[in-house]
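Heads up, the thing below is written out as structure tokens.
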Amino acid sequence: MLSISLGLPEFQIVKQELLSYGYAIHVEKTETQERCPHCGFLTSTVHDRRTRKVRDLAVFRQPVYLFVEVKRYRCWNCFQVFSASFESIPPNQYYTNRCYEYFYELCEGSTIQEVSRKHRIPYTTLERIYYSIASKKAKERQAAMEASSPEGMVLSLDEIAVKKGQQYETVLMDAKAGSVMGMHADRQCDSAINLLSQNVLSKEMVQTVILDMWEPYHKAVRALFPSASIVIDKYHVVQKVTQALDQARKELSSLKKARFLLLKGYEKLRKDQRLRLDDILEEYPLSIAYYLKELFRDFYRTEEYNEAKERLEEWIGLAKQSPFASFQQAANTLERWKEPILSYFLCSYTNARIEGTNHKIKNIKRRAYGYRNRERFRLHVFLECTGNTTGSQAA
């Protein structure tokens with residue numbers, strides 16, 4: 001049989017064999033003395049021995065089990081009896097530390113159910129392993145985040161739908177890194193205040209906050225960071241306009257299949273798609289709505305604040321005069337939020353990292369087919385979306 005090297009310096013191999021269920025490796029601790037946990041006295045007097053079966057990392061796709069000789073020592077200073085401790089095996093556990101870490105990493109890129117089935121580990125055991133390590137790592141991340149509190153922070157406050165139309169989570173991010181700083185149930189003002197009241201944040205540190213057009217979030221930011229600039233995210237503004245166009249399209253029953261052509265940027269369409277779109281705009285009274293959508297795209301291509309202000313005011317005026325109620329409503333909304341929309345042109349903020357993180361959060365939710373335990377969902381998001389997220393998955 002092939003000789004296996006453990007890579008665990010505290011153990012020496014006594015015997016190894018290949019059995020029907022995998023490799024069985026009998027080991028004992030190389031150190032023959034143990035320090036008493038009660039009084040600190042060093043002793044080598046063995047009271048008794050027992051064997052513990054511990055699972056380790058697989059070798060050549062074969063499970064590996066360590067049969068560890070656990071010595072119980074008697075201390076001649078305080079006369080207490082105690083068991084030897086191991087660096088590589090947690091107390092009273094049946095997996096090595098590195099085995100725990102390996103299973104945790106597998107669950108990050110998959111689901112607990114899938115890893116449980118593939119590696120023949122009871123689901124509840126693997127679930128306990130994963131969330132035990134995850135909780136520790138989350139505390140470490142939180143401590144590291146609080147230790148590094150940069151000035152001039154750009155925050156983002158947004159909501160995600162855990163259950164469409166029923167359950168929401170407010171998500172606080174560091175917009176520069178696309179890193180999740182915390183989550184809270186629902187999307188009310190109190191939830192936002194709870195998130196923004198973290199010790200890591202202060203009035204002096206927060207320079208800019210990126211929001212959508214949800215009033216409770218604005219109220220919370222104004223209450224805690226009165227001097228911070230509020231910027232309405234470009235994505236949500238553009239979404240209002242595209243929704244207005246889509247609503248206008250829906251009013252014409254014969255255009256139900258033209259949604260893609262109308263909402264896609266004209267320059268991104270193929271030649272045949274452009275011809276089809278031109279025919280639609282000639283045949284149906286939708287050319288005004290389409291023109292307003294394309295004109296608004298030019299607004300965000302503007303580089304200078306004053307020009308952007310002129311373009312926005314011009315667009316609002318044209319949209320109000322359009323025959324479509326959806327565009328009139330969109331114009332009123334944008335007029336109400338005009339100043340924070342224009343603040344986009346006064347800072348170097350880009351929403352690319354936030355969009356990337358939002359995509360990761362959706363993948364986490366989709367991968368687990370929804371979470372019944374919201375705390376666990378938040379834990380997954382915090383671990384996978386904390387730190388620089390420019391470039392990690394369990395349920």
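Heads up, the Cβ atoms here are built off N, Cα and C, so glycines get one too.
TrEMBL: automatically predicted annotations, no manual curation.
Values in this document were obtained by computation on a predicted structure and should not be read as measured data.
Here TrEMBL flags 34-78 as domain 'Transposase IS204/IS1001/IS1096/IS1165 zinc-finger'. DSSP assignment over the domain 'Transposase IS204/IS1001/IS1096/IS1165 zinc-finger' (34-78) gives 0 helix, 31 strand, 14 coil.
Mean predicted confidence for the domain 'Transposase IS204/IS1001/IS1096/IS1165 helix-turn-helix' (86-132): the pLDDT average there is 90. As annotated by TrEMBL, domain 'Transposase IS204/IS1001/IS1096/IS1165 helix-turn-helix' applies to 86-132.
Summarising the annotation, TrEMBL assigns domain 'Transposase IS204/IS1001/IS1096/IS1165 DDE' to 155-380.
Sequence annotations record features per position, and here TrEMBL assigns coiled coil to 238-283.
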